Every structure is written in C-alpha cells, then in structure tokens.
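The next block holds one structure in the form of structure tokens; read it before the comments.
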Amino acid sequence: MATPMSAYQNGTAVPNWLNKGDNAWQMIAATLVGLQSMPGLVILYGSIVKKKWAVNSAFMALYAFAAVIICWVTWAYKMSFGNKLLPFWGLAACVDPVPQEWVNRDKRGDAVVSNGIDGMVSVRVCSDNADTAGGVIAREDEHKGLDDVCALVVDFLIHGFNGGDPYAANIDASLAVLNTNVCAATSLLVWTSLDVIFFKKPSVIGAVQGMITGLVCITPAAGLIEGWAAIVLGIMSGSVPWFTMMIVHKRSSLLQQVDDTLGVFHTHAVAGFMGGILTGIFAQPELCNLFMPVTNSQGAIYGGKAGGVQVGKQIAGGLFIIGWNIVVTSIICNVIKLVIPLRMSEEDLMIGDDAVHGEEAYALWGDGEKYDKTKHGGGSNSDDNLQYATDINKTSSGATQVV
C-alpha cells in the first residue's frame, strides 16, 4: 500500500532537474531575507530615529516591502532574468516566479550601493536644507532599547541574503555565511573603538552603524574571499565609513546640504562601493571558480593580468550603478513630485508622526498630557502625590504641546 507521501517522490511535483536540498535552502534563505525586512528593518529604523519619527520610519519600511513584492512579480523579475532589452536591462513582463529566485542574486554588491545612492538622491530632491533633522544620525538620550536587539536580528537574517546567493547549499554558501559574521563583528569592534578613542565613550548607535557597514561591505565578497580577508574588509568597513560620516560629512558643504539623517550614504554607498573594490583585490581564484560563470577570475593580490582587470571591472560596475541610480531616482522623484509633495510643511515636521499618521510611538499618559487624577489615579492628598501632579503640569513635553 502506497504511503500518502509517495505522490511527492516522483512526477511533476519533483522534476528531475530540481535538487530538493538546494531548493529547501533557497526557501529558507528567502524566508530569512523576508524576516530581515519585516520585522527586522521595520523595528530597527523605527528605533534608531528620533521618537517623533518612529511610526513613520517603521511604516515606510513596511509599505515599501509590500510595494516591492508587487513590482517584482509584475515586471522586475523578467527585467532581471528575462529576455535582454539592452546590455544591462532585461525586457519587463509579468511572471510567476518560483520561490528560489527570492534571494539576492548580485555578488558585486550593486544592491547595497544602490540603497545608499537612492537614499542620498531622494533626500536631496525632497530637502530644502539640512537643518530639520539635526545631524547625520540621531544621537539622543532617549534610547528605545530596540535598535541593538534588531541590529542583531538583521545580522543573523542576512545569512539568507549572502548565503543564499549561490543558489545552492554548497561550500560557497557556507563560506559566505561565515565571512559575513566575521566581517560584521570586526567592523562593529573597530567602529566602537574609534568612538571611544575620539569621543571618549562608546555609542550603541555607533556600534549598530559599524555592524551595518560590515554587512554591506562583505556582501559582494562574501563567498569569494578567505577568512583573513574578511577581517581586513571588517577593519576597512569599520574605519573608512566612520571617517566619512564623522569627519568628512561635518566638514563638507556639499554633504551638509543633504539631510541624510540615518547616514545611508556612508553605511551603504561608501561601504558598498569599497566592498566591491576590495572584492576585486582579495577574490580567491578557486572560490571564484566555484561561483563565477566567467573563468580565470581572481583578485589583484593573486597576480596576473586578470587580477588587475578585475579591479577595473569592479570600479566600472560600481560607477555605472551610481550613475544609473542618480538619473533614474531623480526622474522618479520628480515625477512623483508633480502628483504629491515630497516634503512636509515645517509645522508638520516639528510635530512628526502625529501630524502624518495621527499616531505616536511609545505614547505614555504623561507625554504631553496634564495630570488628571480621575484618569491617572493618585487621589490621595499626600505631599508626594501633590508634588507629582505639580511636576507633570509644569513639564508637559509632547511634540504637539511644543508647537
């Protein structure tokens, strides 16, 4: 008597070309990448910004994830994998993608560079000046206690991003996961050390930024370099973006014109472009052969003409992505600008989430409210309760009250 599972052993449900082990890993990797966005980035961005923007930042990550899914299944999948329209552009068409395609497919790190450039251009189009947010990154006393936790979640879930890139459960995938952790850990420690050396105290947000730059930098190189090279990339990703964010940004009149509150230019564009170049330097020949469809690929340190050529290819690829994103993102933002305004009024910017959504994150009864013993209790006439009520009435601090 056949068991119920026998129907799944053969036939159209499991074609001969399908490796069930590789497919299982791809579905796991895709799930990890999905969780990296929701809830990972939703909570991370909601907790790393100022309190008055927590709802808006989290919500933008949420609906962007939904929008990307629809774009992917209607035209972006075919534009990436379908028939060629232009040398760097596929022919868009509606498709029904299989699960294993839902993983980062770009070993050169084009995606992470795109994030930084897209963010920079979008903010430049939207912003009149850089005075509203008050700095490159929101370093406030009011820590929500979630940014460090969610950063660790993102660090873990990016295993699907880099480990799923080879489309198989093989040596390259295992090495990609290991190198991702090594580089991110090194970068975090380097960034934190620089904070202590120059600012005399460690910063949780700084540590998170260091971890992010490490994850971004290792993405193009994850399965193509040896462990010692991952440490080198970690040292570079923890120091160069730190320098551009903490020193160059504050002294550059051009960068000061852009309200890059979360520092995505430094954590993604700088770290991603640098990671691409370092991949061209440290890519190990045997590991390249495990993944790259092009033969005779290797990093510059391994000698030969191919090494030097590869560095040039990495630089050219990165510059193409930067130029492409500047043009296309500018066009998209300016078209949207014709329909709806891209920037809120100064009055609404002062209020924040309450003006945008009618909602406020981490709202407590004492935030902007006057003490009312019928709602908040404390009916006793003791000195402590009277003093507490007096303090609440004097120190109303909600954003709406300020306006």
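Just so you know, glycine gets a Cβ as well, placed from its N, Cα and C.
What TrEMBL says about this protein:
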{"type": "TRANSMEM", "residues": "24-46", "note": "transmembrane segment"}
{"type": "DOMAIN", "residues": "24-90", "note": "domain 'Ammonium transporter AmtB-like'"}
{"type": "TRANSMEM", "residues": "58-77", "note": "transmembrane segment"}
{"type": "DOMAIN", "residues": "159-362", "note": "domain 'Ammonium transporter AmtB-like'"}
{"type": "TRANSMEM", "residues": "173-192", "note": "transmembrane segment"}
{"type": "TRANSMEM", "residues": "204-222", "note": "transmembrane segment"}
{"type": "TRANSMEM", "residues": "228-249", "note": "transmembrane segment"}
{"type": "TRANSMEM", "residues": "261-283", "note": "transmembrane segment"}
{"type": "TRANSMEM", "residues": "315-340", "note": "transmembrane segment"}
Using a Cβ cut-off of under 8 Å, list the residues of the same chain at least 6 residues beyond the transmembrane segment (228-249) that approach it.
136-137, 178-179, 182-191, 194, 198, 209-210, 213-214, 216-218, 221, 255-256, 260, 263, 266-267, 270-271, 274-275, 278, 282, 284
Look over the recorded stretches 24-46, 173-192, 204-222 and say which has the most C-beta pairs under 8 A to the transmembrane segment (261-283).
204-222
With DSSP as the reference, give the number of residues of the domain 'Ammonium transporter AmtB-like' (24-90) in helix, strand and coil.
56 helix, 5 strand, 6 coil
Beyond the flanks of the transmembrane segment (173-192) by 6 or more, those residues with Cβ under 8 Å of it
25, 155, 158-159, 162-166, 202-203, 206-207, 209-211, 213-215, 217-219, 221-223, 225, 227, 230-231, 233-235, 237-239, 242, 287
Please work out the mean pLDDT for the residues of the domain 'Ammonium transporter AmtB-like' (159-362).
87
